[in-house]
Amino acid sequence: MDISSVLQGGYHHPLARKWQAQRQLTKSMLMYPIFITDDPDACVSISSLPGQSRWGVNKLEAFLGPLVKKGLQSVILFGVPLKCTKDGRGTPADDPSGPVILAIQKIRQLFPTVYIACDVCLCEYTDHGHCGLLNNDGTINNTPSAARIAEVAVNYAKAGAHCVAPSDMMDGRIKAIKRGLIDAGLGNKCTLMSYSAKFASALYGPFREAAGSAPSHGDRKCYQLPPSGKGLARRAIQRDTAEGADIIMVKPALPYLDIIGDAAELAKDLPIACYQVSGEFAMIHAGANAGVYDLRTMAFETVDSMLRAGATLILTYFTPEFLDWLEA
């Protein structure tokens, strides 16, 4: 055998195998998505998302406290309004007495070291379930949509969010949000994480159950990216970088590892995030429950693939488990 053919000597030992990684998963790379509802005492299990629940603000101390002690460093909040009156412009999204703003204030009070990101979208709060404002014919009215998204983002920042993360995919919303943050004196106090390459995916099903955010008519394919749209994703990443995004996100993660790699190339001076979405999480659990593989092994394998592709921040519902697994 030729000398150059012998590779196994470099990874025959468990520790040597770890050295082969360009990037190791750490607790600081994990952001935990949590659902906040407008019943302050709620703790409602989500059937399609194993181990996940909708939480009321009064339950956050008992829920997050043990995780913070284990090393939880960041969360991203998704509002799940069940009692509010929804309308065409998503008025409840930034209601000062709504679940997201109350949760920001509560978490900052209880856990001052925890970094709080907020998903910014209108779909949970509009009566039509779309992510922006609509024209009379039911199509997206982009300009006022971006303006409204920016307004919500700024109000979350004013309430104390460390990061705003628009997931609506409206053209120009990054520039609008950045301008709004600067004008509010918050441009250097709040991170702007863009869902730059968010694809129209079948993997969002459990999330839509959890957040009650399915559109009442049509779909979101006119603003979320088509799964085959590699060029569109690259253009969106470049656009959002130029418009002032501080972090670039790809969503979903596992089917779009090539896009994560593109983001790492195109926005090489920015952190690259990816979202291991609800369907990915549910799928991994389903396979483990069927005996196809070990849950922990597959969770690590999928996340390692994201790190290998170039991600430096991973939004995952496995965060509580990883906090334990990384201690083992």
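Heads up, residue numbers simply count up from 1 along the chain you see.
Just so it is clear, glycine is given a Cβ too, placed from its N, Cα and C backbone atoms.
Residues annotated as Zn(2+) binding site in TrEMBL: CYS121, CYS123, CYS131. Feature annotation from TrEMBL assigns active site, schiff-base intermediate with substrate to LYS198, LYS251. The annotation 5-aminolevulinate 1 binding site is assigned in TrEMBL to ARG208, ARG220. For SER278, TYR317, the entry in TrEMBL reads 5-aminolevulinate 2 binding site.
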Could you tell me which of these recorded positions, CYS123, LYS198, has the greatest number of Cβ atoms within 10 Å of its own Cβ?
LYS198
Could you give the Cα-Cα distance between CYS121 (Zn(2+) binding site) and LYS198 (active site, schiff-base intermediate with substrate), in whole Å?
13
Among CYS123, LYS251, SER278, i.e. the recorded positions, the one with its Cα nearest that of LYS198 (active site, schiff-base intermediate with substrate) is LYS251
Please give me the recorded positions out of CYS123, CYS131, LYS251 that lie within 10 Å of SER278 (5-aminolevulinate 2 binding site), comparing Cα atoms only.
none
What count of other C-beta atoms do you get within 10 angstroms of the C-beta of LYS251 (active site, schiff-base intermediate with substrate), across all chains shown?
24
Using Cα coordinates, what distance in whole Å links TYR317 (5-aminolevulinate 2 binding site) and LYS251 (active site, schiff-base intermediate with substrate)?
14
